[in-house]
Amino acid sequence: MMLLKSLRSSGTSRSVLLLRCAGSLRNAIKFDYDLVVLGGGSGGLACAKEAVAYGARVLCLDYVKPTPAGTKWGVGGTCVNVGCIPKKLMHQASLLGEAVHEAVAYGWNVDDRDIKPDWKKLVKVVQNHIKSVNWVTRVDLRDKKVEYVNSIGSFVDPHTIQYKTKQGELKQLTAQYVVIAVGGRPRYPPIKGAFELGITSDDIFSYEKEPGRTLVVGAGYVGLECACFLKGLGYDPTVMVRSIVLRGFDRQMSEFLAAMMTERGIRFLNTTIPMGVDRTPEGKLLVQYRNTTTQTDESDVFDTVLWAIGRKGLIGDLNLGAAGVQTYNDKVIVDHTEATNVPHIFAVGDIIYGRPELTPVAILAGRLLARRLFAGSTQLMDYTDVATTVFTPLEYSCVGMSEEMAIERLGADNIEVFHGYYKPTEFFIPQKSFRHCYLKVVAELSGDQKILGLHYIGPVAGEVIQGFAAALKSGLTVKTLLNTVGIHPTTAEEFTRLSVTKRSGVDPTPASCCS
Ligand code: FAD
Ligand code: NDP
């Protein structure tokens, strides 16, 4: 009945409608559920909720195994519990510390000497927010009539899923479609003391102890973001870089970001890998490491060691062999429709091999898949030109191609790179460094100069790039950008004031704010 209602309101034709209802009736007889979703994170929940809206009978299984340090959390997956949300809150907390000093410069009568955060209180308010989101998520699932079971799901055969009830009883159910949305968890290096003495991003947002002097191993998104909020909160992070910072991003922008972090007092151990961790008699952590350029071994003592060396797909518990689903490097292989090699089994989110590990990507892919399965849609997920932000104090946000990628794909002679430094108005009074406020537009050389990539380091870069991402997807050109009237005085308006190309060799430093 629900299917009928939603199909009618979506304007589906009578014959398609009847066909689908007949299909649904057959499935009602054949399968316990139209859809079983394995994993209740960003992608799984989006898919499950969208599917019920089209009348599907949906069950979602979600379970979190505790970390080696014992941290566990509720429904909602990585983003809500140990990812985007607590990270953004800690990022904000660290920016507020900086804002106190700025406030003094602007005439506020506050004493900014020796300000310190209350780590325990910060963790408590962050965790309270997460718990409220967990609660709202469960209520939403109940209201939308998604059946939710807090248990690990695994395949018995391609249409049968098994899980254990709270009472320890094994239950089996059948589904017409299965969506694998189990995400990933942080990797640990295979060295002495890694599991016993180190923590990961899964632990830091609920860590009871003050982190203190922290070694952050890894220079991807997680490593840089954690190091930055720890520094902003008054701790002393060191980042260990195996090869380069932010592999896969525009090189010039990544180096600027590292330089900005260095300027703020974050230490980098370049071309260095960890060799082992021991506990000292004083209860600190002694880390042995090797510089792979000089081939020298060194050690240092830290209060906390945080592994940020990438994530591993959670395929281990799925018994994918029983379903015959193909995998590669702990991830599931899918085609352009998110279908695995088994046609009725799909995957969305971080568990897919070779796709961006980002929440909005998981959500949109999950929604579009549900629409294709239950509402006759043919719209596919477009994984190109996905905007992203690294939440460092000056954020780095980008969409589209890096300069290197544009050169590789089009050739250096066929692209134009516009660039410029800029000075945010609000930086002048507190005399904040704008040395690394920089943006870059990578475009085709000819015609109206179609834009291939936009890159921006500066305050609230994520907010700035989001709108430009829609424009880029709609075919934005340099001509249109320069015809766009800016909003003054903002930093985003700098994109409408581009005048200096790299090819010209002209100094891209602005003379004044308003010229
Ligand atoms: P998840 O959200 O990981 O959900 C999968 C769920 O399935 C988990 O609850 C898992 O425990 C469960 N599960 C696993 N196996 C089974 C099983 N067999 N049965 C039942 N349940 C199972 N992205 C952004 O876009 N912006 C950000 O700012 C951002 N910040 C991040 C910060 C950090 C520190 C981290 C680690 C990630 C961040 N991400 C960010 C990435 C984002 O969190 C992920 O891309 C997103 O959560 C992936 O969603 P998912 O649904 O694929 O998987
Ligand atoms: P990444 O894969 O981005 O980075 C891993 C880092 O660890 C790299 O610098 C890598 O170096 C290094 N590394 C890997 N193995 C070792 C090792 N054995 N010893 C020392 N260093 C090592 O993973 P992250 O965990 O940072 O992030 C995972 C994903 O989560 C990201 O890809 C992103 O999609 C998502 N995320 C998104 C965020 C956002 O949107 N703001 C924030 C946080 C996460 P090398 O380059 O040499 O391989």
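Residue 1 is the first one shown; counting continues down the chain.
Heads up, the Cβ atoms here are built off N, Cα and C, so glycines get one too.
Per TrEMBL, the candidate among G310, G313, G316, G321 that belongs to the NAD(+) site alongside G218, A219, G220, Y221, V222, G223, L224, E225 is G310. Of the listed cysteines (C60, C84), only C84 is recorded by TrEMBL as the disulfide partner of C79. Comparing Cβ neighbour counts within 10 Å across the recorded positions K88, H488, the minimum falls on H488. Counting only the Cα atoms, the space from G218 (NAD(+) binding site) to C84 (disulfide bond) is about 18 angstrom. The Cβ neighbour count for G153 (FAD binding site), using a 10 Å radius over every protein chain in view, is 25. In this structure the alpha carbons, written CA, of G220 (NAD(+) binding site) and C79 (disulfide bond) are 17 Å apart.
Among the binding-site residues listed (G153, G220, V222, L224), G153, V222 have a CB atom closer than 6 Å to some atom of ligand 1, in sequence order.
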